[in-house]
Amino acid sequence: MSATVHYKDIRKGMEKDLESLFKKYDSDRNGKITYIEIVETLRKAGKKNPERIADLLFRDDTDKNGELTIEEAKLRIVRMNDEKIEKVLNWDVEKFINDNDKDGDRKITRDEVLQRFTEQGAEDPELITDSIFRQMDLDRDGVITCDEIKEFNRKKKFSFLKSSAPKQ
């Protein structure tokens, strides 16, 4: 599969994610989301600092009318070239490694992931850890590397809105 096809697939996935985002936040179903709609929805969901997330989304309000349309949000995707998308993918991989690699060896062990979920009070950290390793430890050597994460992202539908990394 060529890199161009891969990035087109990512763009399509991003557009679907945007459509889902609009369905979730457009409380009055007028095809536009307001800053207040985003903040209120995030607050109801128990998110901390909903204004910060709304600020990030509203960078795409190109006409600065206080309403974000799906077309405005899609412009960001169009403006992203393949190089930028690859940079974002690599940043996500780096962030996942940095968030979970406790000993700095650039590999994530099962114990490191298990410790992370246990510290966060996950309901079943063993089950979550096993699931992550079944999917991402491609060579079954007990560690997850940057290359395995990149390969996992290539094979799976990549989503910018659904992080594969544990939440902080």
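For all residues, glycine too, the Cβ spot is worked out from N, Cα and C.
In the shown protein chains, 19 other C-beta atoms lie within 10 A of the C-beta of Glu37 (Ca(2+) 1 binding site). Positions annotated as Ca(2+) 1 binding site by Swiss-Prot: Asp26, Asp28, Asn30, Lys32, Glu37.
Residues or ranges marked as Ca(2+) 2 binding site by Swiss-Prot: Asp61, Asp63, Asn65, Glu67, Glu72. According to its DSSP assignment, Glu72 (Ca(2+) 2 binding site) is helical. Within 10 Å of the C-beta of Glu72 (Ca(2+) 2 binding site) we count 19 further C-beta atoms, all protein chains included.
The annotation Ca(2+) 3 binding site is assigned in Swiss-Prot to Asp101, Asp103, Asp105, Lys107, Glu112 on the grounds of sequence analysis. The secondary structure of Asp103 (Ca(2+) 3 binding site), as reduced to three states from DSSP, is coil rather than helix or strand. Around the Cβ of Asp103 (Ca(2+) 3 binding site), the number of neighbouring Cβ atoms within 10 Å comes to 10.
DSSP assigns Glu148 (Ca(2+) 4 binding site) to a helix. Per Swiss-Prot, the feature Ca(2+) 4 binding site maps to Asp137, Asp139, Asp141, Glu148.
Here the domain 'EF-hand 1' (13-48) has a mean pLDDT of 84 out of 100. Summarising the annotation, Swiss-Prot assigns domain 'EF-hand 1' to 13-48.
Each residue in the domain 'EF-hand 2' (48-83) gets a DSSP state, and the totals come to 23 helix, 3 strand, 10 coil. The feature domain 'EF-hand 2' is assigned by Swiss-Prot to 48-83, with sequence analysis given as support.
The domain 'EF-hand 3' annotation in Swiss-Prot covers 88-123 and is backed by sequence analysis.
Look at Swiss-Prot and you will find 124-159 tagged as domain 'EF-hand 4'.
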**Message:** Test of understanding: give the count of other CB atoms lying within 10 angstroms of the CB of Glu148 (Ca(2+) 4 binding site).
**Reply:** 19
**Request:** State the three-class DSSP label for Asn30 (Ca(2+) 1 binding site), counting H, G and I as helix, E and B as strand, and everything else as coil.
**Result:** coil
**Prompt:** In terms of DSSP three-state secondary structure, what is the assignment for Asp137 (Ca(2+) 4 binding site)?
**Reply:** coil
